[in-house]
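Taken from Swiss-Prot, the feature compositional bias 'Polar residues' covers 1-25, 60-71. Summarising the annotation, Swiss-Prot assigns topological domain 'Cytoplasmic' to 1-454, 514-531, 585-621, 700-1358, 1466-1469, 1582-1601, 1665-1672, 1824-1876. The ubiquitin cross-link annotation in Swiss-Prot covers Lys259, Lys275, Lys386, Lys910, Lys915, Lys1539, Lys1547. The feature transmembrane segment is assigned by Swiss-Prot to 455-475, 493-513, 532-552, 564-584, 679-699, 1359-1379, 1445-1465, 1470-1490, 1561-1581, 1602-1622, 1673-1695, 1803-1823 (among others), with sequence analysis given as support. What Swiss-Prot lists as topological domain 'Extracellular' is 476-492, 553-563, 643-678, 1380-1444, 1491-1560, 1623-1643, 1696-1802.
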Amino acid sequence: MNTDQQPYQGQTDYTQGPGNGQSQEQDYDQYGQPLYPSQADGYYDPNVAAGTEADMYGQQPPNESYDQDYTNGEYYGQPPNMAAQDGENFSDFSSYGPPGTPGYDSYGGQYTASQMSYGEPNSSGTSTPIYGNYDPNAIAMALPNEPYPAWTADSQSPVSIEQIEDIFIDLTNRLGFQRDSMRNMFDHFMVLLDSRSSRMSPDQALLSLHADYIGGDTANYKKWYFAAQLDMDDEIGFRNMSLGKLSRKARKAKKKNKKAMEEANPEDTEETLNKIEGDNSLEAADFRWKAKMNQLSPLERVRHIALYLLCWGEANQVRFTAECLCFIYKCALDYLDSPLCQQRQEPMPEGDFLNRVITPIYHFIRNQVYEIVDGRFVKRERDHNKIVGYDDLNQLFWYPEGIAKIVLEDGTKLIELPLEERYLRLGDVVWDDVFFKTYKETRTWLHLVTNFNRIWVMHISIFWMYFAYNSPTFYTHNYQQLVDNQPLAAYKWASCALGGTVASLIQIVATLCEWSFVPRKWAGAQHLSRRFWFLCIIFGINLGPIIFVFAYDKDTVYSTAAHVVAAVMFFVAVATIIFFSIMPLGGLFTSYMKKSTRRYVASQTFTAAFAPLHGLDRWMSYLVWVTVFAAKYSESYYFLVLSLRDPIRILSTTAMRCTGEYWWGAVLCKVQPKIVLGLVIATDFILFFLDTYLWYIIVNTIFSVGKSFYLGISILTPWRNIFTRLPKRIYSKILATTDMEIKYKPKVLISQVWNAIIISMYREHLLAIDHVQKLLYHQVPSEIEGKRTLRAPTFFVSQDDNNFETEFFPRDSEAERRISFFAQSLSTPIPEPLPVDNMPTFTVLTPHYAERILLSLREIIREDDQFSRVTLLEYLKQLHPVEWECFVKDTKILAEETAAYEGNENEAEKEDALKSQIDDLPFYCIGFKSAAPEYTLRTRIWASLRSQTLYRTISGFMNYSRAIKLLYRVENPEIVQMFGGNAEGLERELEKMARRKFKFLVSMQRLAKFKPHELENAEFLLRAYPDLQIAYLDEEPPLTEGEEPRIYSALIDGHCEILDNGRRRPKFRVQLSGNPILGDGKSDNQNHALIFYRGEYIQLIDANQDNYLEECLKIRSVLAEFEELNVEQVNPYAPGLRYEEQTTNHPVAIVGAREYIFSENSGVLGDVAAGKEQTFGTLFARTLSQIGGKLHYGHPDFINATFMTTRGGVSKAQKGLHLNEDIYAGMNAMLRGGRIKHCEYYQCGKGRDLGFGTILNFTTKIGAGMGEQMLSREYYYLGTQLPVDRFLTFYYAHPGFHLNNLFIQLSLQMFMLTLVNLSSLAHESIMCIYDRNKPKTDVLVPIGCYNFQPAVDWVRRYTLSIFIVFWIAFVPIVVQELIERGLWKATQRFFCHLLSLSPMFEVFAGQIYSSALLSDLAIGGARYISTGRGFATSRIPFSILYSRFAGSAIYMGARSMLMLLFGTVAHWQAPLLWFWASLSSLIFAPFVFNPHQFAWEDFFLDYRDYIRWLSRGNNQYHRNSWIGYVRMSRARITGFKRKLVGDESEKAAGDASRAHRTNLIMAEIIPCAIYAAGCFIAFTFINAQTGVKTTDDDRVNSVLRIIICTLAPIAVNLGVLFFCMGMSCCSGPLFGMCCKKTGSVMAGIAHGVAVIVHIAFFIVMWVLESFNFVRMLIGVVTCIQCQRLIFHCMTALMLTREFKNDHANTAFWTGKWYGKGMGYMAWTQPSRELTAKVIELSEFAADFVLGHVILICQLPLIIIPKIDKFHSIMLFWLKPSRQIRPPIYSLKQTRLRKRMVKKYCSLYFLVLAIFAGCIIGPAVASAKIHKHIGDSLDGVVHNLFQPINTTNNDTGSQMSTYQSHYYTHTPSLKTWSTIK
């Protein structure tokens, strides 16, 4: 050992003379900490320099004897074990310490243990800790003698703890790390060593740690070292290498070296090293590396890991960039090993590493996203493709070419410096000139072409083949229906063979897009030219011969040559499609994915190191996708494409006989069937994508069910006996009984575990005392005299009688669910647990921002807001009646005991029963009678444990601590015997073990800025759970004026001393480079706290989850899933391992777990959200994890901490882009070779949103986040490199779900367009008498009719498809419920959903998903939306619901509904009823799911609010107004101006950057134009007088009608606005002096006129159409679409940016432009505002009419008696007896409400009457008018009015060309000629 230590001691110049040690013996322990705080002037904090005044932690200047230069060795130079005073051995590094050290408690020498052991009267067996009731002096807490026993207890440990400390201190001095960071990382490292060495020898523990962090095959550092070819840099230097291609000479040498490598004997290291001298291949480099690593001494290994941890611990944002950190570490290591460092005498100043190395990179990262304006950070208006993000920065270090780009200020390249000098010059690097984009996240749909190219090939090519085969009329010469003549065979083959050309074209486009996304200057960019030319050749091969076939001869000539060529080309096309479907784009025709070359090894290592599937998993993956596509292709062909065959044949060959349009005659109307056919095919094409997803869901569900039976999870598994065998299973699966001596009876051990579970449920008030008695094991006298025996509860046996529900639990209770799942889960295969002593240490990490910690009394017993009808406590009592009953009984017992203790029992006896009932009222009402804090606190806790609070999460996950103590005690009975009756000593021992193995870390970034009540709650948490660790951000003012404040990451727990200012003194306080919150918040919050995690694994938990004792007992098995517990004692650096063998090593990175959504059964929406989460998190995760498609979804996944933290952390953090931050960590793990598993037997609780709005906020966040994911490089790597089966799994499990929603909405819109055109076609045509069973060559009657019936029947097919696609979404929920809870529960839940209209909600949610995705990909602006945590009992005002959902769903629903109305009236079909239901959902869902929407009074008060919402905000700013909503909607497109004037209205504005014009044209204008064109064509056709005998003079001018009705309202509005603007400018300021409402009056006039004008032109259209309702409808629809198009163009192309304040709007109406803070823009703004107001007036009219229509449609419901009660039952699933009472108002309030209701009720019915009049009036008039209105007009306006009473039947004898023989005999055909 000494030889190893020698060089190290040479480096440290720490004298260990006796004088230095003796001088401190009295007052200080061996590490220089004051032993008796009374003797020390203050606790030494390295952050406070001597002489500076005490900082906010209230420190005195450090003691004189302390303030010595640490290089003299007086700080830690004492010999070990010197501090004998306390018999304790503490280090200032450890988390424990004597009083006065940061790891100690503030309560002096004793503190109350956070959890007491089970079994004692005060024991805590529950998630609710016990407060009070015991004397804190009773338990004297002797702190553990050794904080890291597994390492220090073993005499074999290769390095002593003192030597490790010396290493950390030495590194800190030499490289300038912070003192607190060093202490933190030392503790971190020791906990890691302790955790490992508890299950292996210390030597192996250190070796395996070094292998994981630095040198092993799975270590990221080693992978990077070889990927970036740093072995070459170390050998010959990058500056001496020509980076890039190998020369011919080098290639020859490479072959020779490879041969030498194969011949070498790996056992003889020396000989092999000599042989491979000069060989730069990966195998040789790997051999050299292993040999080098194998020779390291333990001290050097410690030094390597310590240096990495110290770098990582202070890297703050750089932790997200794993390889950048590796580079910094490499530079530091080179410097450390060099003589330059050894010879340096004075230490580096503290903080040098942070300030010199990390902060410049931090500033670069921050400046990419933010700029400083007036001293505050403002987000730059850059989209992702202009921001050099974390990934771009990181990828610079992947390739030597990138590292070569690093330049210093003086222009020198870093690689030109010697290795040892690089670290010292890192501060001089000009990072701004170094980093660049390595992947452009351009906001475009083209990413989908590249990333998912194989999906398009599989669908578009096959659809082409199916379609071409079934459309013979397109390539048949002179097709005649009566003959049904067939095309040439060659043409049939050739047109199908074009599918191969389509596939090649897709690949070419994908490659071109890739060219634009991956900048060529990045060394990792693939060389695409070769692939591009190859693709062009394949394209030519596929297309050339087909051109030959079609051009070779006329379509009347049969040619054998053409036939043969066409047939061969068909098979070539099939081969092309199969090849392109299977081959990833990344591997096409290039060496990019080949392992043989070192050129792209970095991209393979970091973006394509997928863990392969093996054995059954691989075959299962293949089977899933073969089944899906076999089913899909056959079903699509027979159901979708064959049904098109007849419509294609008819529509493609029919020409219409119509008069046409005044301006262009019959050009358009003749081809109407072909236009309809195009629309039908387009709609069917979208459906072709949809049904793949449908089959994926079905097959996935089937496989998942199969697996659940196989695992024995299902309740339907016949052999289950889950309760009878439960005790045996607890013994075999929960307890680690293998190493245990047999002398203890299993029953004794099982009983302790079982009783603890039952008692914990009793303490959580889930079980009443009588239930508990039946469920516990009891001690009863034995038959043997004097002995006692255990009696098992009858529960285990009587389960089979099926009467257990009533006897043992409350029916359908939480206790029943938990015990059932526990029993069920133990019947599945579970990894064997290790003894507690040997289990690894792990941490639970929870980020917290502003979520509720603990509910306040006010929140519980006061109504939420004016719209709520119930207090939270009332609602919770209704949801959990049994638990409330138990709680009240418990409280009463407590109150009686307290009363008895105070001596009042005599009075109690005298009270009669009635009085006691009255006395109990307060208990049952609010849970307490006395307002003493201990009673109110109990009620607060009871409510908090049933809401989504942080307290619930912490109390739930602190059960790990209880579980560990319980298991340790049960499995080690000798410990209990050893302590005898000393309960305190036993508890201390158990505490020690729990603290060693489990940590709970909450990242409360805002703690330092908490309000008093939040601080009080946080302090309450720390007192209840002293072992809870809280990391927070601490801020200090800057040292010099004008600089940024200093920000620290600090850590406290419940043992930290409380200072005078009420705050706690932190254990660790590490300075950061600046504010760490640069992204969307959550990932940065996790990252800053990550340095405080301990152990080998982290469980990531959100602040609204829960856990249970019985689940925590399984923790050892869950951790065993990482496959690292039974490590064989192998040397990872053994020289025999070949490079090829090690590439197969893929560690488990993430273990996912199930979630139980505890908000289910609290109403329909909560239950839908819960069902969705269950199927996604359980049913699908089960199959996905097996076939390698599961990613990481945040909670409640366990992660392999070393694997993830060395690869960029637990989430990604670029603002906007990484919106769903968790999933990126999963993709990152998958790309870098980690495996992701799913654990079936363990589940946590999770809260979900319960309100309509909050659920859809979450939906919006997920949808927008998916839009951002589509742009991300992870999708690019996965999509272009995964093997086909894994790619399909990934696609359909993640983006496919969202694109499927998008396709559903797209197909719905396409269908509406098709329906409008098809209905107008059917409306105007005389249909044939159609019989599908007759041959198609029969003569159609009447002669000259149009046989459109098959096309009309297609609507039925389409409806059925959409219907199935929709209902299939419910299959997984039902199946999941079926297998987990049985048939009855599944049926019950399904019918509850149906009766509660949950399908309506599903349709709406699907629209929100697709709308969020669409708008994100077009406009951007995705932001983090915090999801709701409360209960949805408030009635939300109509105006808020309307403004929230109008843009995303209601407008689209209303437009489609008008089109559907036209379709229904023009040509009625029963299947259209389904669309009426769907579209009603889009319009009415927000109001149907609004609590108390139909309460009479509330409805009309809400109407009042709506009217006021429409009219306010024009005189002065109002937070909630129509104009505000319109401006915000518009700003998403136009963006905001930067100029601020400090007005209140600016606060609400937020950030919105201007959308890219190209995107707006693609996403807003073009679809709008297509829609307008589609409606316009249908409108002109329905007016084209089909079949009417006319002359050219009779052509109608329907186009002019559209022009008039579209533009006239806009022109009138413009006139009104000019008038108002003139009025306001001239007289507004004058009026303003006396009238306060000038603006409102002006706006009111303009808005009123706009509404009247739009309604008037609706009637005008009716008149122009000669009062024909059908034609008027399509006319109005067309006008609306045309106006939309005009307004979109105006907004996108004419409007400048919006002001953040509201001044321009108010100035327009009041005329006060001056003094509004607009500066010179006051001159240009009026014209901009005028343009905006033109659009606004039409929008106002639309919102006024649409809002009223929605309100009027609710009238039939409002007038139903007791509707509110039925509606509440539907929403909340509360029985009528448990209904929420109506609110109670004072008399004055009641009178006021009644008056308002009368007033607005009258207004409502008045508007209703006017609307009715507008419809009834023209309808009545139409019956009175018989002659053509426009007869008297001539010229252009001659046929402005549609002629009436014309006959359009020109069939049979009415035909103009009728001859008796025509169409009654078969015409003769041309004869064929044949060429040989």
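Cβ coordinates are placed from backbone N, Cα and C, and glycine is handled just like the others.
Locations of recorded Swiss-Prot features on the structure.
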residue	record	contacts (Cβ under 8 Å, 6+ apart)
Lys386	ubiquitin cross-link	none
Lys1539	ubiquitin cross-link	Phe1699, Lys1700, Gly1717, Met1718, Gly1719, Met1721
Lys1547	ubiquitin cross-link	none
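Beyond the transmembrane segment (455-475), the same-chain residues lying 6 or more positions past its ends with a Cβ under 8 Å from any Cβ of the stretch are 449, 486-488, 491-492, 495-496, 498-500, 502-503, 506-507, 555, 573, 577, 580-581, 629, 633, 636-637, 641-642, 644-645, 648-649, 652-653, 681, 685, 688-689, 692, 1291, 1296. Using a cut-off of 8 Å between Cβ atoms, the transmembrane segment (1673-1695) and the transmembrane segment (1602-1622) share at least three residue pairs, counting only pairs 6 or more apart in sequence.
The helix, strand and coil residue counts that DSSP assigns across the topological domain 'Cytoplasmic' (1582-1601) are 8 helix, 1 strand, 11 coil. Beyond its flanks by at least six residues, the topological domain 'Cytoplasmic' (1582-1601) meets 656-663, 665-666, 668-669, 1320, 1323-1326, 1466, 1661, 1664-1665, 1670-1671, 1674-1675, 1836-1840, 1842-1843, 1846-1851, 1856 of its own chain at Cβ-Cβ distances under 8 Å. For the transmembrane segment (1470-1490), the neighbouring stretch richest in Cβ pairs under 8 Å, chosen from 493-513, 679-699, 1359-1379, 1561-1581, is 1359-1379. Listed by sequence, the residues of this chain that lie at least six past the ends of the transmembrane segment (493-513) yet keep a Cβ under 8 A from its Cβ atoms are 446-447, 449-450, 453, 456-457, 460-462, 464-465, 468-469, 471, 474-475, 528, 531-532, 535-536, 538-539, 542-543, 546, 549-550, 562-563, 565-567, 569-570, 572-577, 580-581, 585, 588. A coil conformation is recorded for Lys1539 (ubiquitin cross-link) in the three-state DSSP classification, outside any helix or strand. Counting Cβ atoms from all protein chains shown, Lys275 (ubiquitin cross-link) has 17 others lying within 10 Å of its own Cβ. Below 8 angstroms of C-beta separation, residues 1511-1512, 1514-1516, 1706, 1708-1713 of the same chain, each at least six residues beyond the ends of the topological domain 'Extracellular' (1623-1643), sit close to that stretch. By the Cβ criterion (distance under 8 Å, sequence gap of 6 or more), the transmembrane segment (1359-1379) is counted as touching the transmembrane segment (679-699), at least 3 such pairs being found.
The average per-residue pLDDT of the prediction over the topological domain 'Cytoplasmic' (700-1358) is 88, rounded to a whole number.
Residues 459, 463, 467, 624, 627-629, 631-632, 635-636, 639-641, 644, 647-648, 651, 1292, 1296-1297, 1299-1300, 1303-1304, 1306-1307, 1310-1311, 1313-1314, 1317-1318, 1351, 1354, 1358, 1361-1362, 1364-1365, 1368-1369, 1371-1372, 1574 of the same chain, all 6+ positions outside the transmembrane segment (679-699), place their C-beta atoms under 8 angstroms from a C-beta of that stretch. Within the topological domain 'Cytoplasmic' (514-531), the DSSP-based counts of helix, strand and coil residues read 8 helix, 0 strand, 10 coil. When Cβ-Cβ distances below 8 Å are used as the criterion, the topological domain 'Cytoplasmic' (1466-1469) is approached by residues 1318-1320, 1322-1323, 1352, 1355-1356, 1582, 1670, 1673-1674 of the same chain, each at least six residues removed from its ends. Long-range Cβ contacts of the topological domain 'Cytoplasmic' (585-621) within its own chain (Cβ-Cβ under 8 Å, at least 6 residues beyond either end) map to 223-224, 226-229, 245, 281-282, 323, 398-399, 450, 453-454, 507, 510-511, 514, 524, 526-527, 530-531, 534-535, 703, 1143-1144, 1146, 1186-1188, 1230-1235, 1277, 1279-1283, 1285-1286, 1289.
Long-range Cβ contacts of the topological domain 'Extracellular' (476-492) within its own chain (Cβ-Cβ under 8 Å, at least 6 residues beyond either end) map to 469, 549-550, 554-559, 562-563, 565-567, 649-650, 653, 1336-1337, 1339-1340, 1863, 1866-1867, 1869-1870. Within the chain carrying the topological domain 'Cytoplasmic' (514-531), a Cβ under 8 angstroms from the stretch's Cβ atoms is held by residues 243, 395, 398-402, 436-440, 442, 446-447, 450, 585-586, 588-590, 592, 600, 602-603, 1276, 1280, all 6 or more beyond its ends. In terms of DSSP helix, strand and coil, the topological domain 'Cytoplasmic' (1466-1469) has 1 helix, 0 strand, 3 coil.
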